[in-house]
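What follows is a set of notes on a single structure, which appears directly below.
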Amino acid sequence: MEETYIDTLDPEKLLQCPYDKNHQIRACRFPYHLIKCRKNHPDVANKLATCPFNARHQVPRAEISHHISSCDDKSCIEQDVVNQTRSLGQETMAESTWRCPPCDEDWDKDLWEQTSTPFVWGTANYCGNNSPASNIVMEHKSNLASGMRVPKSLPYVLPWKNNGNAQ
C-alpha cells in the first residue's frame, strides 16, 4: 500500500494519455497535457467524463458512476468533509470580554459650553469684547511685496502647448 501511494506521487512516473494511447507523459506534466490533448482530440473527449474527485481521471461516460463509487481520491475528499463538519460543531464563539474604557470627555457638552464663536475665514470675529481689533475682517495675506503679482503663465512653453502648431 505504501509503495503504491509513493508511486502515485512520483513526478517522474510516466502516465498514459487517455486521448492518445501512444502518449506517455510524466506525472508532473500530466494536467497540462490533458488540456492540450483534449483540444486536439474532441471526438475522444466527448466519450470521456472527468472524475469529480481528481481531474486527472478521465473515464468513459458509461463507467463514470462506477468510478465515482470506487475512486481512491474520494476518501480524501470525504475525510476532509467529515473533519470540517466535526470542527464546525466544536467551534463555539467565545463571548467577548471587551468593555468600553471609561471616558471623561463629552464633546457635545463641550460644544454647548463653548463661549466663543468658531473661527471662519473672511468674517468678523466677535469674541464678546468690542475692541477695534476684534472687528477687523481677515483678508488674504500674500508673501509677495505690495505691487507684485504671481505670474499668469510658466516661464517656458510646454511642447504640447505650442499654440496649435504641429511640429
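Keep in mind that glycine also has a Cβ here, set from the backbone N, Cα and C atoms.
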Range annotated as zinc finger in Swiss-Prot, from 48-75, 76-103: 48-75
Mapped DSSP class for His33 (Zn(2+) 1 binding site), helix or strand or coil: helix
Contact set, same chain, for the zinc finger (14-41): CB under 8 Å, 6 or more residues outside the stretch: 8, 48, 55-56, 58
Within the zinc finger (14-41), residues counted as helix, strand or coil by DSSP: 14 helix, 6 strand, 8 coil
